[in-house]
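These come from TrEMBL:
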BINDING   Gly160, Arg161, Ser162  NADP(+) binding site
DOMAIN    4-115  domain 'Tetrahydrofolate dehydrogenase/cyclohydrolase catalytic'
DOMAIN    134-276  domain 'Tetrahydrofolate dehydrogenase/cyclohydrolase NAD(P)-binding'
Amino acid sequence: MTVIDGKALAERVQSELKTVVASMPIQPGLVAILVGDDPASKIYVSGKEKDAAKIGIKSEIVRLPETITEVELLETVEKYNQDSNWHGIIVQLPLPKHINEERVLMKISPEKDVDGFHPTNMGLLWSGHPLMLPSTPAGIMEMLKAYNVEIEGKNALVIGRSNIVGKPIAQLLLMANATVTIAHSRTKNLLELVKNADILVVAIGQDRFIKSGDVKPGAVVIDVGMNRDAAGKLHGDVDFNSVKDVASLITPVPGGVGLMTRTMLMKQTVEAAKRALNV
Ligand SMILES: Nc1nc(=O)c2c([nH]1)NC[C@@H]1CN(c3ccc(C(=O)N[C@@H](CCC(=O)O)C(=O)O)cc3)C=[N+]21
């Protein structure tokens, strides 16, 4: 069994990006709009600032109060759409309940939508011609590539159907010629599907849901979960301690998918800046 080293891989990609950025005539810029104080979003945003600084990406966090109106938020997004100093815009999710998430995501100009959540970018991905890749799925594919995982013809099971992880990773695996199944909370024969999966991607947000007895021996297990227990310790959706003995390759939490998610956001930002420069 091999544990995927998300930290080493993230650092490798970051240093490649740093070289690319150093050779660019302008500094790529990434703005993160953070509404309210969701704890997971705060962790992500602070990590992102650190990564950006390391790579040489200009970054700004726009902190807005929980009480902001949807119109004010839309105006903020539009301001950064219009400002050519910023190549990437992300609006941290989740947003407060009184704000329509879909409308806000649709407001981000697709060329600056480095999360890849705009319906135009989702559609481009599903049509097989992606412009912007959502970071978590892009990071997962990067890990599979770095560890030479054969995807073609394999049974890939994605548990979770979110627009952020489940749907886009299913499409990326499909584009790599896997036979893809998407399972979710209403799936009836889940454990049967899990037993058959050569590649298992778990993104359901349930602490240590997948146990060693569930997994096919030799499977590649990618854990997207980030669940904090009462003591504040992070756990994945996979019971790492037992599943690691059954899997051929497995991602840890922390130190796996999360770090690659952050790094791929940086990569999308650099790509967006390159496109803005026409290089
Ligand atoms: N528009 C938008 N896009 C997102 O991609 C997005 C979002 N909103 N809202 C919040 C969630 C959460 N998320 C994380 C990604 C990586 C880590 C991360 O860095 N994890 C590290 C460290 C975790 C730790 O130690 O606390 C790890 O897994 O090793 C954390 C959180 C992205 N999200």
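Backbone N, Cα and C atoms are what each Cβ position is placed from, and that goes for glycine too.
Locations of recorded TrEMBL features on the structure.
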residue: Gly160; record: NADP(+) binding site; contacts (Cβ under 8 Å, 6+ apart): Gly166, Ala183, His184, Val201, Val202, Ala203, Ile204, Gly205, Val224
residue: Arg161; record: NADP(+) binding site; contacts (Cβ under 8 Å, 6+ apart): Lys167, Ile182, His184
residue: Ser162; record: NADP(+) binding site; contacts (Cβ under 8 Å, 6+ apart): Ala203
| query | Under DSSP, the domain 'Tetrahydrofolate dehydrogenase/cyclohydrolase NAD(P)-binding' (134-276) has how many residues in helix, strand and coil? | reply | 56 helix, 26 strand, 61 coil
| Check: same-chain CB within 8 A of NADP(+) site center, minus Gly160, Arg161, Ser162 | Val158, Ile159, Asn163, Ile164, Val165, Gly166, Lys167, Ile182, His184, Ala203, Ile204
| Residues in the domain 'Tetrahydrofolate dehydrogenase/cyclohydrolase catalytic' (4-115) grouped by DSSP into helix, strand and remaining coil | 57 helix, 18 strand, 37 coil
